[in-house]
Amino acid sequence: MKSVQVLFLVLFLTNTSLRLLRGDAPLILDYYKETCPHAEDIVRRIVEIAVLKDPRMAASLLRLHFHDCFVMGCDGSVLLDNYGGMLSEKQAGPNLNSLRGFEVIDEIKYVLEDACPATVSCADILALAARDAVVLRGGPGWGVDLGRRDSLTASFNGANQFIPAPNSTLDTLIANFQQQGLDIGDLVALSGSHTLGKARCLSFRQRIYDNNVEEKFGYHERDEHYIKSLRSLCPQSGGNNVLAPLDLVTPARFDNHYFINLIEGRGLLISDNVLFDQDLHWEIRKHVFAYAANQDYFFESFVNSMIKMGNINVLTGVNGEIRRNCRYANSYTNGKK
């Protein structure tokens, strides 16, 4: 009996070692339990301080994780600065003068490097910070599978190509998500992250001033008072960085009111409103109505989709690296010494 158990253990360890070498080892909970036992506590505490100072930072950290995963996978590539001949994803259209929270990630990495050098990846920091940001604004919590490694490069072109634009049609949104292995259910649930945060005038100007928006995007405005209020904030020209809340009613709380807004025609972005108005077959509307009626159901679906998104094209095993500085690959920082 013992020999069988030993054989099973040897086979298990051999298979695990091979998976690590191939780089297809699965992410797991408590990945840092032995190597950096306080990692999650460190991330949580620094995120908590940042969100207390600036409540909008919760949405910013959540968005960083999205924009990372949609370009090459959840590999921390969004954090890289320009260096050598590489152009940062930060310079891409969807990210330029828009993404925030890099300094928070820097601070987390600095403390983790002091506590556990060369152990916790920047990609895992993004995943943990996104979860903690949601929880701090009243949203659901979940166990984050860990073990991601960091990319050696970024993809400026990928950021321009794969991150959904605020004026996307429904077909474009569905295609964007399908490219990442995400389905319609994930599209609706993850769009619910727009219950937090703000968007720039540049992102919603077309929605409030284009006279042909109904013809182009297949929906009609149902709340003229809302449109007038947005026009009072956002001029037809200039004022690109003026902000409006994505959720008019509870802009700083993670809840299901985003979906109520969609039903009432109060989605801020074109890409919000098309979820409801362009869906002529009710495949998406049924989710919108269900989430609007039942916050717990939305939370459950959101968590499942976040876990699914967090596994997109992750680097594990010997692939990638554990960056010492989230802004640069280790080869660059070594060369600067």
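Along the chain as shown, the residues are counted starting at 1.
Each residue, glycine too, has its Cβ placed from N, Cα and C.
Annotation comment: TrEMBL describes HIS67 as active site, proton acceptor. For HIS67 (active site, proton acceptor), the same-chain residues 6+ apart in sequence whose C-beta sits under 8 angstroms from its C-beta are VAL78, GLU89, PRO94, ASN95, LEU99, ALA159, ILE163.
Under the heading Ca(2+) 1 binding site, TrEMBL lists ASP68, VAL71, GLY73, ASP75, SER77, GLU89.
All protein chains included, PRO164 (substrate binding site) registers 19 other Cβ atoms within 10 Å of its own Cβ. What TrEMBL records for PRO164 is substrate binding site.
The heme b binding site annotation in TrEMBL covers HIS194.
Neighbour count (other Cβ atoms within 10 Å of the Cβ, all protein chains): 27 for ASP247 (Ca(2+) 2 binding site). What TrEMBL records for THR195, ASP247, THR250, ASP255 is Ca(2+) 2 binding site.
For CYS36 (disulfide bond), the same-chain residues lying six or more positions away in sequence with a CB closer than 8 A to its CB are LEU112, ALA115, CYS116, THR119, VAL120. The annotation disulfide bond is assigned in TrEMBL to CYS36-CYS116 (among others).
The disulfide bond annotation in TrEMBL covers CYS69-CYS74 (among others). Using a 10 Å Cβ-Cβ cutoff, CYS69 (disulfide bond) registers 28 neighbours.
Sequence-distant neighbours of CYS326 (disulfide bond): residues of the same chain at least 6 apart with a C-beta under 8 Å from its C-beta are GLY76, LEU79, LEU80, ILE105, ASP106, LYS109, CYS122, ILE125, ASP150. Marked as disulfide bond by TrEMBL: CYS122-CYS326 (among others).
Residues or ranges marked as disulfide bond by TrEMBL: CYS201-CYS234 (among others).
Mean predicted confidence for the domain 'Plant heme peroxidase family profile' (26-330): the pLDDT average there is 95. The domain 'Plant heme peroxidase family profile' annotation in TrEMBL covers 26-330.
According to TrEMBL, the site 'Transition state stabilizer' annotation covers ARG63. All protein chains included, ARG63 (site 'Transition state stabilizer') registers 22 other Cβ atoms within 10 Å of its own Cβ.
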Neighbourhood of CYS234 (disulfide bond) by C-beta distance under 8 A, where only residues 6 or more apart in the same chain count: CYS201, PHE204, ARG205, ILE208, VAL242, ALA244
Cβ neighbour count within 10 Å of CYS116 (disulfide bond): 17
Residue pair ASP247 (Ca(2+) 2 binding site), SER77 (Ca(2+) 1 binding site) - Cα distance, angstrom, rounded: 29
THR250 (Ca(2+) 2 binding site) versus recorded positions VAL71, CYS74, PRO164 - nearest by Cα: PRO164
Pairwise Cα distance for ASP68 (Ca(2+) 1 binding site)/CYS74 (disulfide bond) [Å, integer]: 6
